[in-house]
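Annotated in TrEMBL:
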ACT_SITE  49  active site, proton donor
BINDING   112  substrate binding site
DOMAIN    28-262  domain 'NADP-dependent oxidoreductase'
SITE      74  site 'Lowers pKa of active site Tyr'
Ligand code: A2P
């Protein structure tokens with residue numbers, strides 16, 4: 001599995017396994033175990049997903065040296081529905097809870113969601129403290145728009161957003177490119193909502209992967225320099241989705257896919273209606 005730079009000296013496997021909506025317990029453990037067996041070395045979980053303990057367990061039981069596996073997790077103190085008084089303490093608590101659940105530190109911790117403006121900087125400072133304390137190797141943000149990123153004075157090196165041909169993020173991409181921020185793409189398959197699009201079918205057929213338009217989407221992401229996190233709970237799909245390093249999309253195919261943007265937010269749908277300059 002090729003690796004890319006995170007911009008802070010650390011490296012990241014170029015494709016990861018997304019674990020949002022992967023049910024906790026046996027399902028999560030089995031699919032992580034299978035992904036590791038298939039060669040995945042990058043797992044993307046979050047406190048909010050409630051499967052951190054399963055990820056930690058499957059990693060331990062895999063027998064693969066821990067340092068060969070990259071784990072991303074995310075903290076989001078408000079996700080429990082409580083009002084956060086002291087944002088700094090809440091984020092450090094959330095990181096500690098995450099480390100306890102995983103049974104190991106995560107390699108990359110992210111602020112899961114751009115919380116209210118008054119706390120955004122406090123949250124970021126707490127993540128920096130977590131990094132100083134050795135609880136996080138790298139840190140970054142998730143679901144941040146340009147306006148949110150600007151508030152952090154160019155600090156993050158890594159940013160995760162929903163990103164696929166049907167939901168381009170030109171503004172965020174330009175902002176991140178200018179500052180060396182690595183973009184990680186969640187829902188790179190657009191939740192499988194557009195796999196029958198003719199441009200995808202055509203590219204898939206030309207590359208002999210006609211049964212897996214999903215592969216074209218993952219490859220599109222890799223060729224853009226994003227780090228896609230395709231999610232599946234089925235082992236045959238998990239195997240398929242990472243098999244993207246044996247073919248290359250032509251400039252023409254990339255351009256055809258680039259032109260498909262339709263503001264298709266598969267997550268947080270309502271964002272499509274909101275101010276696009278402030279939200280991812
Ligand atoms: P399942 O988990 O049942 O395999 P995204 O990564 O964009 O969030 O998309 C995840 C969705 O795409 C899930 O519903 C997943 O279903 C489905 N999916 C994952 N891999 C493939 C594939 N290779 N072909 C078709 N659908 C897929």
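Backbone N, Cα and C define each Cβ position, glycine as well.
Just so you know, TrEMBL annotations are computer predictions that nobody has curated.
Features recorded in TrEMBL, as mapped to the structure shown.
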{"residue": "49", "record": "active site, proton donor", "DSSP class": "helix"}
{"residue": "74", "record": "site 'Lowers pKa of active site Tyr'", "DSSP class": "strand"}
{"residue": "112", "record": "substrate binding site", "DSSP class": "coil"}
Other C-beta atoms that fall within 10 angstroms of the C-beta of residue 74 (site 'Lowers pKa of active site Tyr'): 27
Euclidean distance between Cα atoms of residue 49 (active site, proton donor) and residue 112 (substrate binding site), Å: 11
Cα separation, the residue listed as 'active site, proton donor' to residue 74 (site 'Lowers pKa of active site Tyr') (Å, whole number): 9
